[in-house]
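Peer 1: One structure, pasted below without further comment.
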Amino acid sequence: MASGKMRIVVLFGGRSAEHDVSVLSATNVMNALDPAKYEAVPVFVTRAGQWLLSRFVNGALEKPSSGAELCLVPGGCGRAIVVPDAGAPYEADKIDIIFPVLHGLHGEDGAVQGLAQVARVPLAGCGIPGSANALDKDIAKRLVNEAGLSTAKSVTITREEVPAFSALEQALGLPIFIKPARQGSSVGVHKVVTEADYQAAMSDGFTYDDKLLAEEFIQAREVECGVLEDEGGALFVSRAGEIVPAESHCFYSYDAKYIDADGTEIKVPAELPEQVENEIRAIATRAFRVLGCDSMARVDFFVTADRRIVLNEINTIPGFTDMSMYSKVMAVSGVSYPEIINRLVAHGLARGS
């Protein structure tokens, strides 16, 4: 911190199918970083996995196709080498903390978190175990079910073990939802009613992951809340928010989330009885701990008409786009966007020390 400001590397882009969502999220993070407090260094992770120095100009992040690469030094405690297109490599100014805004595989699955640990540089956000456990929906379900938490019934599908459509229909009923086990943002998710739907869903799903989940349909409201851990380990759980997909979308799809501006109505806070909301927040805390999460997560639920609460998913790097729920439920709970950033940084520094 030679300048008196904390040097924070913001990673965005990435190799996953959620690359474009990451760019939107990181743009908002860059806007929220206090320039009087932080020296923000945006680093674009290409679809091939290169870390290229970027710039934030007029509210937009540059996405270079080539240029200077940033390489962390193993055990370097924040040291990094810049490899330019031309000329000799040189040592960059010391990095104080890494802030990954990478969604999905190779960013939210423990990979970048492990790299930061190898380099001995602090990292904002969830650590290795929670990231890996939460991103894999199959493993996450097994862990929270073992802890006694309710989830949708599901069948795990691999390339080697593909059940017949009739078997899934018998086990789960119709419709069925097919989803990649290790993707987010509803990428590769399909609503299946017929054998033809099933074959199409399998073909598409396996382009995103080698493991899929077939899940039962639950007629319910979709409710989410945010968890934020302070530097001392205390958890703050936000009010709940509700997602209501437009009638033009049969479920909360990628298009409803990010493409169609009218695809979703978000109600913050959700209109829920106090007892139900308190139970949702308690389950969110329990699931967060069971999966080994720390720092931050968004926890998603189904709430049925008879007030049964079903845990859906946990996202350890939730979306930070204009339409994303995490910052909205935190704001209505009294935590502003810049304060989220400050708390994540403080937590990462405390854990790194």
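Cβ coordinates are placed from backbone N, Cα and C, and glycine is handled just like the others.
Below are the features listed in Swiss-Prot for this protein:
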- 169-224: ATP binding site (BINDING)
- Asp300, Glu313: Mg(2+) 1 binding site (BINDING)
- Glu313, Asn315: Mg(2+) 2 binding site (BINDING)
- 141-346: domain 'ATP-grasp' (DOMAIN)
Peer 1: Other than its own, how many Cβ atoms are within 10 Å of the Cβ belonging to Ile218 (ATP binding site)?
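Peer 2: Around Ile218 (ATP binding site), other Cβ atoms within 10 Å: 17.
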Peer 1: Cα of Asp204 (ATP binding site) to Cα of Glu313 (Mg(2+) 1 binding site): how many Å, rounded?
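Peer 2: Cα-Cα distance, Asp204 (ATP binding site) to Glu313 (Mg(2+) 1 binding site): 21 Å.
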Peer 1: Sequence gap of 6 or more, C-beta under 8 Å: which same-chain residues meet both conditions with respect to Asp197 (ATP binding site)?
Peer 2: His190, Lys191
Peer 1: Just to be sure I understand: of Glu169, Ile176, Gln183, Lys211, Ile218, Asn315, which binding-site residues have a C-alpha no more than 10 angstroms from the C-alpha of Asp300 (Mg(2+) 1 binding site)?
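Peer 2: Within 10 Å Cα-Cα: Asn315.
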Peer 1: Measuring Cα to Cα, tell me the gap between Glu313 (Mg(2+) 1 binding site) and Ile218 (ATP binding site) in whole angstrom.
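Peer 2: Cα of Glu313 (Mg(2+) 1 binding site) to Cα of Ile218 (ATP binding site) measures 14 Å after rounding.
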Peer 1: Please name which of the binding-site residues listed here, Glu169, Ile176, Gln183, Lys211, Ile218, is nearest in space to Asn315 (Mg(2+) 2 binding site), Cα against Cα.
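Peer 2: When the Cα distances are compared, Gln183 comes out closest.
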Peer 1: Find the average pLDDT over the domain 'ATP-grasp' (141-346) in the predicted model and report it.
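Peer 2: Taking every residue in the domain 'ATP-grasp' (141-346) and averaging pLDDT yields 93.
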Peer 1: So, three-state DSSP: helix, strand or coil for Ile218 (ATP binding site)?
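Peer 2: Note: Ile218 (ATP binding site) is coil by DSSP, not helix or strand.
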Peer 1: Counting across all protein chains present, how many other Cβ atoms fall within 10 Å of the Cβ of Asp204 (ATP binding site)?
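Peer 2: Its Cβ has 16 other Cβ atoms within 10 Å.
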Peer 1: Which residues does Glu169 (ATP binding site) neighbour through Cβ under 8 Å, counting only same-chain ones at least six apart?
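Peer 2: Expected: Ile176.
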